[in-house]
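One structure below.
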Amino acid sequence: EVDVTISCIRIPAQLSPTFYDTSCPRALATIKSGVMAAVSSDPRMGASLLRLHFHDCFVQGCDASVLLSGMEQNAAPNNGSLRGFEVIDSIKAHVEGICKQTVSCADILTVASRDSVVALGGPSWTVPLGRRDSIDANEAAANLDLPGFTSSRSELEIAFKNKGLDTVDMVALSGAHTIGQAQCGTFKDRIYNEANIDTTFATTLRANCPRSGGDGSLANLDTTTANTFDNAYYTNLMSRKGLLHSDQVLFNNDTTDNTVRNFASNPAAFSSAFTTAMIKMGNIAPKTGTQGQIRISCSRVNS
């Protein structure tokens with residue numbers, strides 16, 4: 001088997017953008033229409049689907065393990081904050097309706113994350129396909145492998161490096177925080193205790209996020225253009241308006257400052273780095289060939 005290359009990115013030999021061209025030619029269009037409908041009724045869903053894919057790939061590879069009920073879903077980085085399962089279930093039901101047990105939940109989630117970015121005005125990219133679904137999930141690995149909102153820059157770098165993603169990939173993928181919202185509990189410590197934050201920004205956030213209580217109240221990760229996938233996230237960091245500690249560490253007199261500056265001033269550079277990193281992330285340890293299974297329902301293993 002030979003590896004193919006999409007714009008200088010190594011693709012595992014078994015994955016191919018044309019994987020379903022014959023077996024389920026309408027698969028991609030069906031996924032896209034499901035994502036478009038979900039995002040138009042709830043713009044936040046685009047960020048949720050993107051996050052679901054990220055949290056899947058970082059734990060035993062992009063194998064839809066995060067979609068299995070319980071287990072990984074109970075891990076600290078996931079519990080009470082992952083959403084979008086019903087959107088994937090609905091898309092899966094439509095795909096099953098046109099092609100029985102052909103398209104994996106792992107591929108649906110990978111394509112849906114791309115379509116979510118496009119639906120919110122971001123760049124598109126070609127998704128290599130052919131992943132299969134895991135028959136297990138790993139809560140302990142989710143607790144260990146997923147970077148958290150209190151992570152330092154070096155902790156983020158290590159977490160990404162462990163998955164074959166370099167520092168530029170890490171800074172680019174953090175740019176997914178140009179969409180979506182975070183719960184007050186994830187940024188409370190930052191707005192009350194950190195120095196590297198714009199004071200007006202912190203004061204505004206405190207109104208909805210008191211020192212005690214209110215942990216579930218939401219704030220936009222990008223206060224500038226909350227529902228548009230653009231490069232404003234990086235401009236925000238340069239103004240010390242990163243919402244999470246793990247956002248602002250990327251611009252804090254550190255080694256990643258220049259990458260942030262580049263992405264802030266050059267939208268094309270960000271788009272290019274982001275799509276490259278998304279393809280790389282989607283290629284983490286896929287199950288292919290006879291590994292795993294094609295789940296009929298994404299939330300449970302086939303009986």
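Start at 1 and count along the chain as shown; that gives each residue its number.
Cβ coordinates are placed from backbone N, Cα and C, and glycine is handled just like the others.
Of the listed cysteines C8, C24, C57, C184, TrEMBL assigns the disulfide bond with C99 to C24. Counting only residues at least six positions away in the same chain, the Cβ atoms of H53, D56, A106, L109, T110, R131, M281, G282, N283, I284, A285, P286 sit under 8 Å from the Cβ of C62 (disulfide bond).
For C24 (disulfide bond), applying a Cβ distance below 8 Å and a minimum sequence separation of six or more within one chain yields V95, I98, C99, T102, V103.
Those residues of the chain, other than T178, D222, T225, D230, with a C-beta within 8 angstroms of the mean position of the Ca(2+) 2 site C-beta atoms are I179, T224, A226, T228, F229, N231, A232, Y233. What surrounds the Ca(2+) 1 site, by Cβ distance within 8 Å of the Cβ centroid and not counting D56, V59, G61, D63, S65, E72, is the set H55, C57, F58, Q60, C62, A64, V66, S134, A137, N138, A142 from the same chain. Cα of D230 (Ca(2+) 2 binding site) to Cα of H55 (active site, proton acceptor): a span of 22 Å.
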